[in-house]
Amino acid sequence: MISQFEIIGDNKIGVLPKQVDQLQMCRDIAASKDLQENDSSFMLVDLDKIIERFQLWKRELPMIEPFYAVKCNTDLVLIRILASLGCGFDCASKDEIDIVMGTGVSAERIIYANPCKTRSFIAHAMDRDVKMMTFDNPEELLKIAKLHPNAEMILRIAVSDPTATCPLNLKFGADPIIAAPQLLKTASEEGINVVGISFHVGSGCNDASAYRNALQHAKNLCEIGEGLGFKMDIIDMGGGFPGAEHHNPFEKIAETIRDALDEFFPDTNKRLIAEPGRFFAAGPFSLVANIIHATEVPASKITKDPKDCADHGYMYYINDGVYGSFNCILFDHAHPIGSPLFDTDRNEKFMSTIWGPTCDSLDLVEDKKLMPKMNVGEWLYYPDMGAYTLAAATTFNGFSKPVPMYVMSEEMWESIRDSTHV
């Protein structure tokens with residue numbers, strides 16, 4: 001169990017003598033809450049895993065600087081840990097810039113990676129000396145030139161993987177063949193400083209070859225930009241890196257990127273950056289929700305098949321839902337899979353539905369799920385719940401967000417404790 005408590009920012013951190021076992025730690029916390037008759041949901045945050053993910057990144061892609069996509073999860077402890085490791089930050093708004101700089105991160109470690117920015121936010125970026133920022137259209141280019149003449153502009157191109165969980169090229173990115181060269185010419189004519197090329201293959205990329213195609217376009221555009229007198233020092237590879245077990249593992253994506261860099265940018269002195277979000281945020285966060293109600297129904301009510309009317313089914317209601325942490329189901333196309341937190345000897349499984357706590361029938365967490373019969377007061381465990389969950393959670397209907405509980409091992413604590421960001 002926890003051997004000591006430390007502080008990161010304003011948050012209490014439980015330090016353990018050995019590596020964190022997320023499932024067992026969740027069981028220990030839930031058992032303690034049961035003794036206190038406390039059924040509130042909670043989010044265990046394993047800070048070791050953030051450091052391990054950073055180490056994995058540096059091992060597989062040592063030539064690329066990670067700039068964490070703050071929109072994915074604005075948890076301040078997560079941000080402080082990444083800052084202490086030397087990570088940069090991808091911000092999309094005034095508030096995100098202030099959140100990051102509030103932890104002591106310098107402006108040089110921030111990219112304002114939103115191609116369509118509010119005018120007052122651009123002025124704020126200038127006030128805070130944040131210079132790197134993206135654009136994908138002439139109107140944005142001229143708007144930034146007027147409001148932030150010292151900005152270092154990075155041209156975002158549309159190269160999204162069409163099979164990605166969340167393709168992004170419908171909203172952002174200039175056509176790399178037609179529009180992008182013209183934007184470089186416009187910037188040159190207006191005397192605006194363009195320093196590189198940016199792309200984003202889509203959140204939850206399924207096709208690693210999308211990175212190769214994007215880097216090929218980036219090489220061509222760098223040559224055009226250099227011909228116009230720009231230095232073109234930066235290649236920003238965006239996000240799309242998986243944060244949990246995935247049919248297209250990170251190591252395979254990293255291999256594709258390394259090969260493409262060798263092909264298109266051999267012996268380069270360019271600054272290579274990327275904007276991973278879920279890669280860092282997903283795995284450290286485990287959600288534990290309490291079953292607040294259970295009711296038996298004909299299985300046909302769940303399967304919508306009249307032939308199942310004689311079978312038993314169960315509908316469970318838990319104290320978190322799509323208006324809370326599970327908003328990822330609606331906004332991130334996620335499919336969280338929960339399981340009983342504690343082992344059970346109830347081997348028979350029944351067709352089940354997991355509902356959130358609100359009065360809205362849209363608040364559906366899992367459907368047509370086979371699981372043992374559960375009772376009110378028991379707990380369900382959902383791993384890998386840190387990406388695009390808490391960042392968009394609400395308190396609709398008066399239901400609270402889960403409380404984060406932070407833990408890490410003594411070894412990892414010693415590795416970061418002296419950082420100015422902690």
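Glycine too: its Cβ is placed from the backbone N, Cα and C atoms.
What Swiss-Prot annotates here:
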ACT_SITE  C359  active site, proton donor
BINDING   S203, G240, E275, P276, G277, R278, Y388  pyridoxal 5'-phosphate binding site
BINDING   F331, D332, D360  substrate binding site
MOD_RES   K71  N6-(pyridoxal phosphate)lysine
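Overlay of Swiss-Prot annotations on the structure.
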residue: K71; record: N6-(pyridoxal phosphate)lysine; DSSP class: helix
residue: G240; record: pyridoxal 5'-phosphate binding site; DSSP class: coil
residue: E275; record: pyridoxal 5'-phosphate binding site; DSSP class: coil
residue: F331; record: substrate binding site; DSSP class: helix
residue: C359; record: active site, proton donor; DSSP class: coil
residue: Y388; record: pyridoxal 5'-phosphate binding site; DSSP class: coil
Spatial neighbours of G277 (pyridoxal 5'-phosphate binding site) among the recorded positions K71, F331, D332, C359, D360 [C-alpha, 10 Å]:
K71
Can you tell me the CA-to-CA distance separating G240 (pyridoxal 5'-phosphate binding site) and K71 (N6-(pyridoxal phosphate)lysine), as a whole number of Å?
13
Including all protein chains displayed, how many Cβ atoms other than that of the residue listed as 'N6-(pyridoxal phosphate)lysine' lie within 10 Å of its Cβ?
19
Can you tell which of the recorded positions E275, R278, C359, Y388 lies nearest to D332 (substrate binding site) in space, using Cα positions?
Y388
Y388 (pyridoxal 5'-phosphate binding site), number of other Cβ atoms within 10 Å:
27
Which residue, of the binding-site residues E275, D360, has its CB surrounded by the fewest other CB atoms within 10 A?
D360
Going by Cα-Cα distance, which of the recorded positions (K71, F331, C359, D360) sits nearest to E275 (pyridoxal 5'-phosphate binding site)?
K71
Which one is closest to R278 (pyridoxal 5'-phosphate binding site) in space, judged by CA to CA distance, out of the recorded positions K71, F331, C359, D360?
K71
Taking only the recorded positions K71, F331, C359, D360, which one has a CA atom nearest to the CA atom of P276 (pyridoxal 5'-phosphate binding site)?
K71
Please give me the CB contact count at 10 A for P276 (pyridoxal 5'-phosphate binding site), counting all chains in the structure.
27
Give me the CA-CA distance between K71 (N6-(pyridoxal phosphate)lysine) and Y388 (pyridoxal 5'-phosphate binding site), in Å, as a whole number.
8
Ten-angstrom check, please: count other Cβ atoms within 10 Å of the Cβ of F331 (substrate binding site), all chains counted.
13
Given the recorded positions F331, C359, D360, find the one whose Cα is closest in space to the Cα of Y388 (pyridoxal 5'-phosphate binding site).
F331
Minimum Cβ neighbour count within 10 Å among the binding-site residues G240, G277: which residue?
G277
